[in-house]
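Everything on this sheet refers to the single structure shown next.
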Amino acid sequence: MTSFSLTFTSPLLPSSSTKPKRSVLVAAAQTTAPAESTASVDADRLEPRVELKDGFFILKEKFRKGINPQEKVKIEREPMKLFMENGIEELAKKSMEELDSEKSSKDDIDVRLKWLGLFHRRKHQYGKFMMRLKLPNGVTTSAQTRYLASVIRKYGEDGCADVTTRQNWQIRGVVLPDVPEILKGLASVGLTSLQSGMDNVRNPVGNPIAGIDPEEIVDTRPYTNLLSQFITANSQGNPDFTNLPRKWNVCVVGTHDLYEHPHINDLAYMPANKDGRFGFNLLVGGFFSPKRCEEAIPLDAWVPADDVLPLCKAVLEAYRDLGTRGNRQKTRMMWLIDELGVEGFRTEVEKRMPNGKLERGSSEDLVNKQWERRDYFGVNPQKQEGLSFVGLHVPVGRLQADDMDELARLADTYGSGELRLTVEQNIIIPNVETSKTEALLQEPFLKNRFSPEPSILMKGLVACTGSQFCGQAIIETKLRALKVTEEVERLVSVPRPIRMHWTGCPNTCGQVQVADIGFMGCLTRGEEGKPVEGADVYVGGRIGSDSHIGEIYKKGVRVTELVPLVAEILIKEFGAVPREREENED
């Protein structure tokens with residue numbers, strides 16, 4: 001079993017003399033478990049389903065009946081051995097035809113390489129891979145950005161990068177023979193792609209303006225860095241958590257704005273005081289899937305800041321040990337919570353804490369429920385006197401190599417050589433001397449696509465990869481999202497920012513359920529009765545302290561008919577005014 005530990009100093013308690021001055025206490029009901037929190041569970045059900053063997057956790061023989069195909073692949077060969085025992089070196093020497101000729105190596109390509117952050121695009125880009133990184137809190141450097149640009153540049157039209165909805169980079173066009181050198185290159189600039197896909201902990205999310213935010217509750221960077229280092233054992237691979245039943249998301253909240261979207265994470269740390277100590281209340285179980293979407297619920301538990309890591313470890317161990325491994329649509333952590341009951345799940349977590357104890361939730365939440373979410377675009381003052389951060393719009397999160405090089409240059413020229421990625425697929429340049437902001441705004445790069453002042457509908461636009469690169473996507477998303485939004489903006493004037501999210505399939509990587517208006521790709525019938533690209537339209541998703549998952553507004557809308565429908569929704573639900581009427585009134 002991996003031996004790994006880190007310690008750090010807890011932040012100062014927020015007090016009457018420290019920021020944020022606008023924080024208020026919220027009701028205790030938000031941090032205590034609901035009444036229906038217990039379930040009748042047979043003692044045999046609490047037997048761990050995995051065991052440690054040869055340094056890795058594997059599913060016990062007695063629990064293998066009815067398991068899903070992915071679990072069988074994991075049993076046949078531990079995926080992390082491709083990295084930890086240099087299996088990737090051997091794979092990289094073979095042609096795709098050779099690899100496809102044997103089941104074991106074909107499973108390596110299509111399944112196990114995801115543990116190294118490599119996703120084969122068999123359907124649309126045979127032999128090409130998407131590589132997902134680990135980028136805790138979305139913080140990256142100009143050197144890292146330049147290196148990634150150098151990687152994708154060599155792949156021509158197939159090479160590009162995306163900012164993801166978890167503050168992360170994904171690069172495209174990668175071919176297998178290049179992977180060993182790319183992994184070395186990533187390590188040389190302080191990056192890793194390990195344990196970023198499949199049944200692993202995904203990128204830890206935090207406040208994108210952590211440490212520079214004048215109104216932050218706590219700087220989330222020490223916590224997200226700690227979590228990422230623990231999960232990957234300092235980028236060496238942590239076999240304790242490479243065999244989860246399904247993917248698992250975590251975030252640390254540091255702001256009243258809830259940029260971190262805690263309600264859709266498996267584990268969310270919510271800042272709270274208790275008896276004069278700073279720490280976190282815990283939300284658990286939030287997730288999206290094709291068959292079910294759930295908001296995270298209170299665990300009725302609080303941990304001091306120093307126990308962020310032990311708590312994460314305990315939750316992961318409970319999920320790893322007890323989670324079901326049958327139908328993949330029923331293996332996310334909330335299904336286990338349903339089965340055990342909130343209190344039963346809490347007990348299992350408590351058992352796995354270092355001292356076997358877990359404090360009850362605190363009523364002293366530090367997140368202000370009445371807070372109006374701030375916009376981070378444009379020039380904004382930092383908590384550090386004389387410095388500002390500048391938020392830039394990245395249309396649907398897509399960048400080319402030249403774009404990344406230019407961002408790196410701007411970060412070096414005007415800032416501190418650092419960039420911040422956001423869950424809305426945008427980028428922030430921090431630590432800009434306020435005296436230099438005007439010169440930055442005059443840069444040609446900011447005059448076109450990467451504007452610090454995007455239009456009111458563009459600024460809230462998010463889109464997944466879509467069918468251009470993803471084999472699971474039913475429709476093209478990124479270009480269509482831009483086109484539909486441009487056409488809608490010509491039809492109506494909107495009084496406030498509206499968040500519109502696009503996802504190409506029911507896996508909802510584009511997180512349509514949290515959007516004001518969401519579009520989920522589907523096939524529908526055309527005028528001649530033949531299948532055509534369409535979208536199920538969602539309305540009513542909310543983020544922030546009154547977070548809520550949106551609901552279906554209309555199913556199976558042809559993509560060619562979306563523009564008038566969106567304009568209609570904006571007028572009926574969001575106070576938009578037709579452009580023609582606005583011009584007449586003017």
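A Cβ is built for glycine as well, from the same backbone N, Cα and C atoms used for every other residue.
Quantities reported herein were computed from a predicted structural model and do not represent experimental measurements.
According to DSSP, C464 ([4Fe-4S] cluster binding site) sits in a coil region rather than a helix or strand. Taken from Swiss-Prot, the feature [4Fe-4S] cluster binding site applies to C464, C470, C505, C509.
If you draw a 10 Å sphere around the CB of C509 ([4Fe-4S] cluster binding site), it holds 23 other CB atoms from the protein chains shown. Annotation comment: Swiss-Prot describes C509 as siroheme binding site, evidence class similarity to another entry.
Summarising the annotation, Swiss-Prot assigns compositional bias 'Low complexity' to 1-18.
Within 10 Å of the Cβ of K103 (ubiquitin cross-link) there are 10 other Cβ atoms, across all protein chains. What Swiss-Prot records for K103 is ubiquitin cross-link, and it gives a large-scale study or a structure entry as the kind of evidence.
Marked as region 'Disordered' by Swiss-Prot: 1-20.
What Swiss-Prot lists as transit peptide is 1-25, and the listing cites sequence analysis.
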(request) May I ask for the distance between C505 ([4Fe-4S] cluster binding site) and K103 (ubiquitin cross-link), taken between their Cα atoms and rounded to an integer number of Å? (result) 28
(request) Ten-angstrom check, please: count other Cβ atoms within 10 Å of the Cβ of C470 ([4Fe-4S] cluster binding site), all chains counted. (result) 22
(request) Among the binding-site residues C464, C505, point out the residue whose Cβ has the most other Cβ atoms within 10 Å, with all shown protein chains included in the count. (result) C464
